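Feature annotations, reproduced from Swiss-Prot:
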- 52-82: domain '4Fe-4S ferredoxin-type 1' (DOMAIN)
- 62, 65, 68, 112: [4Fe-4S] cluster 1 binding site (BINDING)
- 72, 102, 105, 108: [4Fe-4S] cluster 2 binding site (BINDING)
- 93-122: domain '4Fe-4S ferredoxin-type 2' (DOMAIN)
């Protein structure tokens, strides 16, 4: 027993086996990506930066039902509804989301009956101040306009699971 242990120690068998294992992985393609220049594909269910969507005719989708405000566990959404129109519909006067409070749970998106509020594919929205993370209606609509194609595609891919 002592002789085999001494032979292993003298011949450095563990070191040699570890070296060959390292060399095998050294020449394989790397599993990491060069992040700012390469990006992994994002799941259709990814929950990123919030956006308010519009109908194809340009009218905003939000009907001021306030379900998203009621269901938000972090109480990050504030909505003020405008007066009823002649056709009986309402629109929001104020729609604010405090992204510092938001926990990105997606309950607002699930509660919305007209798919007005969605969480888009953007995850790169770091800011220098906290005030920039307080999104108003104009910022949310701009996000919706910017990411509409990706958001519509994600909703279409996720439709069988809704």
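The backbone N, Cα and C atoms fix where each Cβ goes, and this holds for glycine too.
Comparing C-alpha positions, residue 102 ([4Fe-4S] cluster 2 binding site) sits nearest to 68 among the binding-site residues 62, 65, 68, 112. In this structure, the binding-site residues under consideration are 62, 68, 105, and the one with the smallest number of other Cβ atoms within 10 Å of its Cβ is 105. Within 10 Å of the C-beta atom of residue 102 ([4Fe-4S] cluster 2 binding site) sit 21 other C-beta atoms, taking all shown protein chains into account.
For the domain '4Fe-4S ferredoxin-type 1' (52-82), the model's average pLDDT works out to 95. Helix first, then strand, then coil: DSSP counts for the domain '4Fe-4S ferredoxin-type 2' (93-122) stand at 5 helix, 9 strand, 16 coil. Other than 72, 102, 105, 108, the residues of this chain whose Cβ falls within 8 Å of the Cβ centroid of the [4Fe-4S] cluster 2 site are, in sequence order, 68, 71, 73, 74, 76, 77, 97, 103, 104, 106, 107. Recorded residues residue 112 ([4Fe-4S] cluster 1 binding site) and residue 72 ([4Fe-4S] cluster 2 binding site) have their alpha carbons 11 Å apart, per Cα-Cα distance. According to DSSP, residue 62 ([4Fe-4S] cluster 1 binding site) sits in a coil region rather than a helix or strand. Taking Cβ-Cβ distances under 8 Å and a sequence separation of 6 or more, the neighbours of residue 108 ([4Fe-4S] cluster 2 binding site) in its chain are 50, 68, 71, 72, 77, 117.
According to DSSP, residue 68 ([4Fe-4S] cluster 1 binding site) is assigned to a helical segment.
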